[in-house]
Amino acid sequence: MPGFLVRILPLLLVLLLLGPTRGLRNATQRMFEIDYSRDSFLKDGQPFRYISGSIHYSRVPRFYWKDRLLKMKMAGLNAIQTYVPWNFHEPWPGQYQFSEDHDVEYFLRLAHELGLLVILRPGPYICAEWEMGGLPAWLLEKESILLRSSDPDYLAAVDKWLGVLLPKMKPLLYQNGGPVITVQVENEYGSYFACDFDYLRFLQKRFRHHLGDDVVLFTTDGAHKTFLKCGALQGLYTTVDFGTGSNITDAFLSQRKCEPKGPLINSEFYTGWLDHWGQPHSTIKTEAVASSLYDILARGASVNLYMFIGGTNFAYWNGANSPYAAQPTSYDYDAPLSEAGDLTEKYFALRNIIQKFEKVPEGPIPPSTPKFAYGKVTLEKLKTVGAALDILCPSGPIKSLYPLTFIQVKQHYGFVLYRTTLPQDCSNPAPLSSPLNGVHDRAYVAVDGIPQGVLERNNVITLNITGKAGATLDLLVENMGRVNYGAYINDFKGLVSNLTLSSNILTDWTIFPLDTEDAVRSHLGGWGHRDSGHHDEAWAHNSSNYTLPAFYMGNFSIPSGIPDLPQDTFIQFPGWTKGQVWINGFNLGRYWPARGPQLTLFVPQHILMTSAPNTITVLELEWAPCSSDDPELCAVTFVDRPVIGSSVTYDHPSKPVEKRLMPPPPQKNKDSWLDHV
């Protein structure tokens, strides 16, 4: 017996030492799961519900990520929700961008450092009023591809992308020490016509393969059986979305038909609504949002406020809806934090509601950032687009008997110039037509350097032009943003069908894909010899409605050595019509004061300089207020308040657009700019 004790004591000692260690490891193991017996989430074994807000890192400069996240935390949110736009990270097949403003991993780690959990929505389709719903345009190189389906070509591209993205996300899962508690599969799939369950099952398998079996995967659809019929899938937790205009009881009953047990979740509770060019700015009354949020939280539900901050559609990233209506540069969304990240009345009202249910962090709330009105900056005309083709298209044009689309000439965004000659004399006006509505989306038309007018998708498909036989016919075609929602997201751009002149098909095209980004960035010091402007002068005798599309440039200096400068600002375009604007080579986005409702564009301070003059480059497409008679009118103005809700005036009636079954009703009586607290 003593010998036996001698042999077993070391073993008992080892077990005693290992036992507590193993128990401690189990107690501290991070877990996030669904407790179906208590209709709740469990976070590390304890009942939990999230109060989240949407922020899209792709719409907020990295410079401001921490500021916005801190404000969200101080509002009482314990989580954030964000989309991952595929096209933001893979602009060309196999070419990936994950640095600077594209560094989604840093963004998620920053949220984690600030104590915020994350609801991740990696698509591959996201909607989000984002260009093509986040799907990369290069998918359309196969013209017959059926997006968001089990089409083999689509699945192959998706599989490759998920194989890049999801392994980056796995270390950031809550179970692995990160902030990500749930991951959405696809997005509102029940609103899409395909209803392809093989596609959803494929995604489910790939998400599980890359992320493991422990993470909570979910879907989101409108709170109606019509949407849930094709959007829900066994093995993915079903959630719904709805706004202030919905009956909350009925909405959650819709979820309960798919998920009899488990937490109630509104994945998109709308704090505001989206805008379209040529339609009034959408707002939702603060009282309505606060009241509905109270009712949702009183039911013990988890909720995500969409949006908590909307941000900006910089460059060409805005989407569009059908019938075709493009979204503007501002994605303010009438959210609790303004486009510029400023605190609003709605922010404090919702914070007050949240603190009735959860503890709100103590301490000061980061203030709204200061804004500065830098004033008027005079611009000078550089060159018309036609005169700058050597800069804009250095590789030369493409010849084709019939027009080619943007995709066919390897151009995804921006502009393409289509050129041919008039096959007949048009001394008397002759109809230039797109009989199949094939101008996607706007074409700025000129004959021998004399502007003729604009062809516009759905609105203007015929334009009378004049010119002699053999004259040069130019159409500068703009991609205004691909459709992001519904059945028509395979949105080809350019001249997607033939044009006719007096019913005769035009042929023998010379096509110039324009690299405006490289041209602007590499010519900030100027564009060499400048135009004499004689084309504009000649046109002035015929009409005051249009000038040739042209680039304009100006500079302004910000004093150095002053601690508070530079500051955020807003750029306004008095007298200008429609175009694109860059500051120091940074593409701010589209302006269109002639159509509205947005009149100013947000200019974040980090793109401004005090060490050197700041360069403004404007591409005006329709009419510029510039003439030799009064050069002071050729100017833009920097102001310290945004104007995103002007009265709407436009030259062609727009049809009403409805994104979802029952969008929140816009409130018409709000001030045109958000209050700053």
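Don't overthink the numbers, they just go from 1 along the chain as shown.
Note that Cβ sites are derived from N, Cα and C of the backbone, with glycine treated the same way.
Note that this is a predicted model, so its numbers are computed, not measured.
Cross-referencing 258-285, 650-677 with Swiss-Prot places the feature region 'Disordered' at 650-677. Residues Glu129, Asn187, Tyr333 are recorded by Swiss-Prot as substrate binders, and the candidate that the same record lists for that site, out of Tyr64, Tyr83, Tyr237, Tyr402, is Tyr83. Figure note: comparing Cβ neighbours within 10 Å for the disulfide-bonded residues Cys195, Cys230, Cys626, Cys634, the maximum is reached by Cys626. Comparing the Cα of Asn464 (N-linked glycosylation site) with the Cα of every entry in Cys195, Asn247, Asn498, Cys626, these being the recorded positions, the smallest distance points to Asn498. Cys634 (disulfide bond) and Asn498 (N-linked glycosylation site) have their C-alpha atoms 37 Å apart, to the nearest angstrom.
The shortest Cα-Cα distance between Cys195 (disulfide bond) and any of the recorded positions Asn247, Asn545, Cys626 is the one to Asn247.
Distance from the CA of Cys230 (disulfide bond) to the CA of Asn247 (N-linked glycosylation site) is 22 Å. Ranked by CA distance from Asn555 (N-linked glycosylation site), the recorded positions Cys230, Asn498, Asn545, Cys626 have Cys626 at the top as the closest.
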